Amino acid sequence: MKPAIISLCLFLSLLHYSTAQSCVSETFSGNRLYSSCNSLPYLGASLHWNYHSSNGTVDVAYRAPESSSGWVAWAVNPTGSGMIGANAFLAFPGSNGAVTVYTTKFSGYNVEASDVKDENLSFPVYSKQAEYANGYYTIFATLELPNNSTKLNTAWQASTQLQNGVPNGHPAGDNLLSKNNLDFLSGEAGSAGGNSRLRRKNIHGVLNAIGWGILMPIGAIMARHVKVFKAADPAWFYLHVACQCSAYIIGISGWGLGLKLGSESVGITYHKHRDIAIALFCLATVQVFALLLRPNKEHKYRIYWNVYHHSVGYCIIILSIVNIFEGFDILDPAKKWKHAYIGVIATLGGVALVLEAVTWPIVLRRRSRSSEKSHHGVNGANGYGVRQHQVV
């Protein structure tokens, strides 16, 4: 038993050693040599570099596997982590068949093909070159480290998605995790904090989708359709209030987290998403406090309150759904999440249509009976009055 355990430990140690040393065995054209390297944890990529402390520059070689029709990228992010704020080197097949290198700055997630252009970065770049061989792209560059700092957030990518001949888009999964914080002096690499930020973005999206986008429509269905059934009175009212209050609390939690995320993204503002969110907060807050001013059913102003309450409620639901899809476009999660939400909304819409078809005949019958009773009552009073007049 002991020999087996010892053999297993030796095997795991060798496996760890070979993985850690995998980047060391890589060679480069032009007899380029690098003193440091890092086998990056995602996409099978590696980074090699020489740091020059005398002038604060670094020579880098980024290598990643990809098809010859795809593209790869390596970036330094001086202001944050991940894609937003990244100063990137992109290698992809040019129109003449040779490998082309662009330096591009990214300020958001919704990148159009026209946004991908060769431009100056926020720090000096002294050389850039790329090549493709044996299923790997390699980007060579010499750059000045921003703010003369040796510890920087970096990101990398590899994808086959191009539009109009330039890189545009990449899958989710490991592609969203491909970032770290690298110390070019010591060679130590750690988390760039991007995973925590991405987790908070996901929480922000989930809270808003559940609060504004699911519970709020369910509460409206309770108020519009369930109350028609006499057996549900007054339970429908308490269910309606419970749904809407829960939706408000959950939605406001997501809204507050969104404000926090926005304050951490200096210079990056999703204007439409933000403006709709502010409008939602204001309308929903007014809607909640309007419950305190709800007149009695017999009050002459109750009809005006109902018109206001229904109008604002439907407006909130529409804005909520629109803004959730805006959030999907910004966060760009796996397509299954967007499809799942579409399925939920379609289901709620289908339920609402069925209940609409079921409850309208009930409402019309009640109105007809009420009208008949009122009509008979008036006729009876008039007839009695006529007879009294005749007697007199």
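All residue numbers here begin at 1 and follow the chain in the order shown.
A Cβ is built for glycine as well, from the same backbone N, Cα and C atoms used for every other residue.
What TrEMBL records for 1-20 is signal peptide. Residues or ranges marked as domain 'DOMON' in TrEMBL: 43-159. Annotated domain 'Cytochrome b561' per TrEMBL: 168-364, in sequence order. The heme b binding site feature in TrEMBL is assigned to HIS204, HIS240, HIS273, HIS309. Residues annotated as transmembrane segment in TrEMBL: 205-223, 235-256, 276-293, 305-325, 340-364.
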Sparsest-packed among the binding-site residues, when each Cβ's other Cβ atoms within 10 Å are tallied, from HIS204, HIS240, HIS273, HIS309: HIS309
Diameter of the heme b binding set by C-alpha atoms, the set being HIS204, HIS240, HIS273, HIS309, in angstrom: 27
Chain residues outside the transmembrane segment (340-364) and at least six past its termini with a C-beta under 8 angstroms from it: 209, 213-214, 217-218, 221, 224-226, 228-229, 321, 324, 328
Distant-in-sequence neighbours of the transmembrane segment (305-325), which means Cβ under 8 A and at least six residues beyond its ends: 205, 208-209, 212-213, 216-217, 220, 223, 251, 273, 276-277, 279-280, 283-284, 286-287, 290, 293-295, 338, 341, 345
